[in-house]
Each structure stands twice: as C-alpha cells, then as structure tokens.
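Pulled from Swiss-Prot:
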ACT_SITE  Lys207  active site, proton acceptor
BINDING   Gly13, Ser14, Gly15, Asn16, Trp17, Gly18, Ala156, Arg272, Lys299, Gln301  NAD(+) binding site
BINDING   Lys123, Arg272, Asn273  substrate binding site
Amino acid sequence: MALAGPLKVCIVGSGNWGSAVAKIIGHNVKNLKKFASTVNMWVFEENINGRKLTEIINTEHENVKYLPGYKLPENVVAVPNLSDAVKDADLLIFVIPHQFIHKICQEISGKVHRNALGITLIKGIDEGPEGLRLISDIIREKMDIDVSVLMGANIANEVAAEKFCETTIGSKNKEHGLLFKELLQTPNFRITVVEDADTVELCGALKNIVAVAAGFCDGLGCGDNTKAAVIRLGLMEMIAFANVFCKGPVSIATFLESCGVADLITTCYGGRNRKVSEAFVKSGKSIEELEKEMLNGQKLQGPQTSAEVYRILQQKNMVNKFPLFTAVYQICYEGKPVEDVISCLQSHPEHM
C-alpha cells in the first residue's frame, strides 16, 4: 500500500451515525502518529435558529441537530463544501443516506488521489440494469478507489455514550481492513475484520427490512414469540438473498458476526426502523410524516431498501421466495393491511 503517513481522514456525512463515528475518530487520531491530528467532516449546511450548523459544530463542538448532548472533539472540523472537505484525504469514511451516494461520488470523483482508501458505513443497496448493486461497488466504480465496509449492532447514541458494542469490518484486502480497525477501534467499540465484505454489506441493508416487520408486530401487539419468528425468518431470507445475489462465496459464519445476527436483534428491538414502523401501525400516519416528526427529517432506510429489493426480486422472478421482504414492501408502498405481515409468516415456505 503506497500511503505515506500521517494519513488525513475525511468523514463524508454528519448525521446521527456520522457524528458518533466522528467522536471516535477525533479522539483516536490524537493518540496515533499514523493519522493526521485534524479530521474533516463534511456537513450538509443547514440553518438552526438562524445559525449555520457548521458554525455551531466548530464553535460549540456539538452536532445539535443530529447528535445533541454529545461533545465532538475539537480536532473534528465541520466543512460545508464537499470538495474542500475531501481535498488531500487519504482515508474517506462514507456515512450518508444511501440514496445520495451517486451524487456525492460524482461531485468528488477526480478530486481524491488514487491511492486513497474508502470505507462505507452506509446501510442500503442500489439497483442497476443488471440487478443488485452494493454501495461499495458504486463508490469503487465512480471513484476508482478500494472500499471496505463497516456494519454492526451499533445504535449511534449508544456508541456516542461509549456503551460497549461490537462491529464488523468487511475488507477484501485484509491490510486495508486492519488499517481502518486501527483508526476506529476503542475499548468500547470492538472490531472484527472479515474478508466476506459483500455479505457484511448486505446484512447491513437487509436487516432494516426485517426491523420494519418487527415494528409492525409491535404495533399490532403480537408479543415476543412472534417477533422471534420475524427475526428468524428474516435471517433465513437474508441468507437466501445473499446466496442468490452475492458474486463471491457466502460464508454462513459472517451471519454470526456483529454485522449479522447481532445487528438484526438490536435493530428489531431498538433502532428507528422498528420505532417508526410501530408508530405507522398505531398512528395511521404515512412513513414520510413520521420521518418528519420522529427523525428530524432523516430518512428511514428499511422501507426504501424493501422497495429496491422488491424490484430486484421482480427482475429475477423470485418475489414469492421472499414473503417477509415482499410483505414489508407491499404494506409500506401498496397500501396492503399491516396484518399481512402475520399471514406471510403463517404461510412462509420455511414451514412448507
């Protein structure tokens, strides 16, 4: 690897999770000579009570909109211009809603040196004319850099509060994975590096669909046994989907890492996909209304991912092999009754 230190880090994104990660990286680079001591964080500029969000972050060292109550290290610098933020960066941490990745990559393509490395923390997938496209593939194609992925049972506020958790880095180049582990690991944020990067990334996207189904169950008052069935059948569909759509071999062991079963459980019991989906059942409001009310306007990944997965399954003529994924899509977008989530469990092919 031809990167010479100290390595400059740029975080592309500054929402709830991006800010929590900035807190970790800002602290870590102060103590590691391998990394430059200042970290750029690209912030989509917003006005908060008449003040620019970047100005608030750079003076008060807190993202008052997306991670209120947690101080960011003073060496994390909020930069409103994307090209300025990534200038001379050696390591790029992508942590934005997945629907913006094309636009962001187009904007910075050619502005990052060719030895730079990326890691995506983005939980989502995309669809192309050939079917499934992973976010890491899009970054790799548009920017011509090597890209690792990080996924795990990581609710952002708990990470920011330094409560113990694990996470998984997937990297086809072990050396690159270990470099990002060095940048990100703390005593309370423990990292395992695996080479099955595509499965790690798929887990991070697909578990949000299952969490929506879990939220529907909570809204219907179904109880813990039903939710356990949602989690198990959801995991079976995740594994089946990976076996069909991953280009390389899929290791079942990857599903036992933090990115797999652990992230699935935490998202189905905590996490915003579950919470908003429960409110969707109880309030009768649309997902869009609830995003505005409950998430400060941030986007929910589960419903969008279910729509992308549904279109990919349609292309392959495999919709009825994934009844849980399909039910979530149809309830969110086609006005099907929420009770369909239960009937899809009752007649699931796993039981036939």
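Keep in mind that glycine also has a Cβ here, set from the backbone N, Cα and C atoms.
Fair warning: this is a prediction, and the values are worked out from it, not measured in the lab.
Comparing CA positions across the recorded positions Lys123, Lys207, Asn273, the one lying closest to Gly13 (NAD(+) binding site) turns out to be Lys123.
Remark: of the binding-site residues Gly13, Gly15, the most isolated position is Gly15 (fewest other Cβ atoms within 10 Å of its Cβ).
Considering only the recorded positions Lys123, Lys207, the Cβ with the fewest other Cβ atoms within 10 Å is that of Lys123. In this structure the C-alpha atoms belonging to Asn273 (substrate binding site) and Gly15 (NAD(+) binding site) are separated by 16 Å. The recorded positions near Lys123 (substrate binding site), taking a 10 angstroms Cα-Cα threshold over the set Gly15, Trp17, Ala156, Lys207, Lys299, are Lys207.
For the substrate site, the Cβ centre of Lys123, Arg272, Asn273 serves as reference, and the other residues of the chain with Cβ at most 8 Å from it are Asn208, Ala211, Thr267, Gly271, Arg274, Leu300, Gln301, Gly302. Trp17 (NAD(+) binding site) is surrounded by 23 other CB atoms, counting those within 10 A of its CB over all protein chains shown. Counting only the Cα atoms, the space from Trp17 (NAD(+) binding site) to Lys207 (active site, proton acceptor) is about 17 angstrom.
Gly15 (NAD(+) binding site) sits 14 Å from Arg272 (substrate binding site), taking the Cα positions as reference.
Around the Cβ of Arg272 (substrate binding site), a 10 Å sphere holds 22 further Cβ atoms from the protein chains shown.
DSSP assigns Lys207 (active site, proton acceptor) to a helical segment in the three-state reduction. A distance of 16 Å separates the Cα atom of Lys299 (NAD(+) binding site) from that of the residue listed as 'active site, proton acceptor'. Set side by side, the binding-site residues Ala156, Asn273, Lys299 differ in how many other CB atoms lie within 10 angstroms of their CB, and the most is found at Asn273. Those residues noted as binding NAD(+) (Gly13, Ser14, Gly15, Asn16, Trp17, Gly18, Ala156, Arg272, Lys299, Gln301) have their most widely separated CA atoms at a distance of 19 Å. As a whole number, the greatest separation of Cα atoms within the substrate-binding residue list Lys123, Arg272, Asn273 is 13 Å.
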